[in-house]
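TrEMBL lists A:Pro2 with the feature active site, schiff-base intermediate with DNA. Per TrEMBL, active site, proton donor is recorded for A:Glu3, A:Lys58, A:Arg262. Feature annotation from TrEMBL assigns DNA binding site to A:His91, A:Arg110, A:Lys153. Look at TrEMBL and you will find A:2-113 tagged as domain 'Formamidopyrimidine-DNA glycosylase catalytic'. Per TrEMBL, the feature domain 'FPG-type' maps to A:238-272.
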Amino acid sequence: MPEMPEVETVRRTLRPLVVGKTIDHVDVWYDKVIAGDPETFKQTLRGKTFTAVDRYGKFLLFRLGDLTLVSHLRMEGKYHLTTWEAPVGKHEHLQFAFTDGSALRYQDVRKFGRLQLVETGTEFQQTGLKRLGAEAGSPDFSLEYFEKGLKKKSKKIKNLLLDQTLVAGLGNIYADEVLWQSKINPLTPADELTPAQVKRLYEAINKTVEEATRLGGTTVHSFLNAAGEAGHYQEKLQVYGHAGQACPRCGEKFVKIKVSGRGTTYCPFCQKEEK
DNA sequence: CACGATGTTGGTAT
DNA sequence: CATACCAACATCGT
């Protein structure tokens, strides 16, 4: 489940593998991974060279000069470098075959991930990128911005953290972690958080994203970076995946509930409703 | 064997 | 507009 620290880790490991490489051709083995017409996608990319790999929130942005390839890994999308002729695995859906004989492949067990080709400069209008809020840990994500945004929303804080509109980058794992760290009940309406809670949550978000990125992300199911390596933040998780175990802070047992359909683990003692 | 849970975004409904 | 809900999928556990 690549959240922002995982996607950033992918970006860092991917960049040296693809920047400077020229596409000879693209093979698509599962059309639906392409948003738009797969034939156009293949034709347009022929002869193009990867110039950079950027990221915003959980979106990867492969730059090819005037073109930008927007890629979202969703649940289980992965990239790795191989060769044109390597046997095509069951879950490999596409490859960029480079002129030097190597190939970048996209693999996705769940087939939820998507790739979309857009003109560079339009990516923040045309794709899911346009609704994204400030990135966790970025200069745009100031305490003031966060406070003001929370005041305008009545939805449950857990849902708001997940919907990417106020703060981009958190998924289900980090959302549960930061709410536990800041002692906030996941069901609390965003506009009812106290100033002290807001400050704790803000600091927890920045600290967690920074540390998780530094440790190469979290591998709980299957996350691997573009070099095939697992992350290490799973060793730091205090809440996610710990339902039924004792809260390290107070000893109460963590419980797991559904919040708008999403599994949510929290401590019923430390994270009581209201302040 | 059938069914529910998993998790992210986007489309649709209210 | 804001919020809620479900679909898109494959795999695993009950």
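Note: Cβ is positioned from N, Cα and C throughout, glycine not excepted.
Any TrEMBL annotation is an automated prediction that lacks curation.
Given the structure is predicted, the values throughout are model-derived calculations rather than measurements.
Distance noted between the C-alpha atoms of A:His91 (DNA binding site) and A:Pro2 (active site, schiff-base intermediate with DNA) is 17 Å. The most densely surrounded of the recorded positions A:Lys58, A:Lys153, judged by C-beta neighbours within 10 angstroms, is A:Lys58. Here the recorded positions are A:Arg110, A:Arg262; the one with the fewest Cβ atoms within 10 Å of its Cβ is A:Arg110. Beyond the ends of the domain 'FPG-type' (A:238-272), by six or more residues, the same chain brings 156, 158-159, 162, 172-173, 176-177, 179-181, 183-187, 220 to within a C-beta distance below 8 angstroms of the stretch. On the 0 to 100 pLDDT scale, the domain 'Formamidopyrimidine-DNA glycosylase catalytic' (A:2-113) averages 94 in the predicted structure. Residues near the residue listed as 'active site, schiff-base intermediate with DNA' in space but far in sequence (CB under 8 A, at least 6 apart, same chain), listed by position: A:Val10, A:Lys58, A:Leu73, A:Gly77, A:Gly171, A:Gly217, A:Phe223.
The Cβ of A:Glu3 (active site, proton donor) lies under 8 Å from the Cβ of A:Lys58, A:Gly169, A:Leu170, A:Gly171, A:Ile173, A:Tyr174, A:Ala212, A:Gly217, A:Thr218, each of which sits 6+ residues away along the same chain.
Here A:Arg110 (DNA binding site) is positioned 18 angstrom away from A:Arg262 (active site, proton donor), judged by their C-alpha atoms.
Across the range of the domain 'FPG-type' (A:238-272), the DSSP-based residue counts are 0 helix, 12 strand, 23 coil.
Pairwise Cα distances among A:His91, A:Arg110, A:Lys153, which the record gives as the binders of DNA, peak at 40 Å.
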